[in-house]
Amino acid sequence: MGGVTDRDADSAVPTADPVPFDLASMRKQYRAEGLSETELAATPVEQFARWFKQAATDGGLFEPNAMVVSTADPEGRPSSRTVLLKHFDEQGFVFYTNYDSRKARELDANPHVSLLFPWHPMARQVVVTGVARRTGRDETAAYFRTRPHGSQLGAWASVQSSVVADRRALDGAYAELAARYPEGEQVPVPPHWGGFRVVPDAVEFWQGRENRLHDRLRYVAEGGGGWRVERLSP
């Protein structure tokens, strides 16, 4: 009797389309107004404040302060994750995290970082590149006190980026902390948790335009605290 060969078995199994969409034809035509050099603010932080206000009030964004933070380890291997921006001013852009997390360990070894704000509904994005430094403990504590009680407990319960046995282990750690620090009781600031301030050396503002001829204007830091503006080809 003739058996079924591996080739016959393989051919009998229907092959699913790995991509059920025609990605090559998926595109949008941007029709937003452009961005010119004459419209820019004197500093990138002022310009960011303008755009952020629009993103937060008129942009239709769920979390306008969500940004993609990209870091690299000492061997140059990159990693990215979404983090919430919690403060910005002329001194830089601030976010908070577990200092034992992958991103924090990579920033301690290699402080060069990129922040990407993907404001897709507005056909805009902002890319900040610079150097990250830890914030002071007083600044960290002041922000920690503004967090919801549950988020404060979560900062203790999660050993961020470590392997956890299962969800029950994580929930169990949280439950123990909730019993120790019930609602209304002050939760101490974890020593392994705090902020990073990204001091920018370049900030690019991207505005989508028709025919993929987008506007890309980049502020580049110069000596003495000044900035020059460059237009980049799209």
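Keep in mind that glycine also has a Cβ here, set from the backbone N, Cα and C atoms.
Residues annotated as substrate binding site in Swiss-Prot, with sequence analysis given as evidence: ARG27, LYS28, GLN29, TYR30, LYS86, TYR143, ARG147, SER151, ARG212, LEU213, HIS214. The local packing around ARG147 (substrate binding site), expressed as other Cβ atoms within 10 Å of its Cβ over all shown chains, amounts to 16. In the three-state DSSP assignment, the secondary structure recorded for ARG147 (substrate binding site) is coil.
When other Cβ atoms within 10 Å of the Cβ of ARG216 (FMN binding site) are tallied across all protein chains shown, the result is 17. Taken from Swiss-Prot, the feature FMN binding site covers 81-86, 96-97, 102-103, GLN125, 160-161, TRP206, ARG216.
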Position of peak Cβ density within 10 Å, selected from the binding-site residues VAL83, LEU85: LEU85
Nearest of the binding-site residues (ARG27, GLN29, ARG147, ARG212) to ARG81 (FMN binding site), judged by Cα-Cα distance: ARG147
Cβ contacts of GLN125 (FMN binding site) (under 8 Å, same chain, 6 or more positions away): LEU116, PHE117, PRO118, TRP119, TRP206
Assigned element (helix, strand, coil) containing HIS214 (substrate binding site), judged by DSSP: coil
Residue from VAL83, LEU85, TYR96, ARG102, SER161 whose C-alpha is spatially nearest that of ARG27 (substrate binding site), among the binding-site residues: VAL83
